[in-house]
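Feature list (source: TrEMBL):
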- 7-135: domain 'tRNAHis guanylyltransferase catalytic' (DOMAIN)
- 29, 30, 31, 32, 33, 34, 75, 76: GTP binding site (BINDING)
- 139-309: domain 'Thg1 C-terminal' (DOMAIN)
- 246-296: region 'Disordered' (REGION)
- 285-295: compositional bias 'Basic residues' (COMPBIAS)
């Protein structure tokens, strides 16, 4: 309680603001997911249900946190890009990291039964996280290129996915042990793996889902407003002559028994001659539609499985890196 003798303990809390005017990337990674996937019977090398569940949790997080512009996920990890100008939680490192991590984990658990209806959770999953700040657009593009490209440590992206697809085909369909499968693939190039898959197991790797080869790209897209403003624009004012104004004034319901001139007739109009053109005048019987309100830019969150290393993706979405 503020003002008590115990309040001094707050002095031990350290401020942890993230650098201003920088992009924030928060990467979440499944904790001990090798064990978790084995305990819950995930298909090898890719379990589409598990990947869809990860996508669902990430999309839910993007809907909750409006400053997240882009997310990329593969296997048991997801990276989230916050807009450069975000002031979420005053850019406090611990607040952003813990809230996003806990929200993502909660969404994963909440939606588990939707993707694994016959497999109850044996124990709660957990995710660790980190936040990295990047100063430039180039660094952001290189970061997401790195995540989509091959990483030697984990089974990430399409290069290692080819290895793992061949590896598990040798075990599950070829009857080899893990040691034998590794020995078979040691030193092989991509073309050799393609040949093993097709000639021995009838698998055309090029026909495998893009989800497994490219990962999941979840992007905040701008919604293009409809061009029609029907029923929302203000009709242009009528330009009336003096005689038309007098007629309109006489027919106006507000004029019955009233001595004051209509407020929408210009004060100098009575000195004008017949036939002179008047300034714009709102006819009492003119139907005026509702003034169009300023539209707030609408966005939608979409899940894609596409290349983000080349220029095409970024050139089509310049808003992702705009400040």
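Cβ coordinates are placed from backbone N, Cα and C, and glycine is handled just like the others.
Features as recorded by TrEMBL, highlighted on the structure.
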residue : record           : Cβ contacts under 8 Å, 6 or more apart
29      : GTP binding site : 76, 77, 127, 128, 129
30      : GTP binding site : 36, 75, 76, 77, 125, 126, 127
31      : GTP binding site : 125, 126, 127, 128
32      : GTP binding site : 126
33      : GTP binding site : 75, 76, 125
34      : GTP binding site : none
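Per the record's binding annotation for GTP, residues 29, 30, 31, 32, 33, 34, 75, 76 show a top Cα-Cα distance of 12 Å.
Listed in chain order, the residues near the GTP site other than 29, 30, 31, 32, 33, 34, 75, 76 are 36, 37, 77, 127, each with its Cβ within 8 Å of the site Cβ centroid. The domain 'tRNAHis guanylyltransferase catalytic' (7-135): residue composition by secondary structure is 56 helix, 31 strand, 42 coil, according to DSSP.
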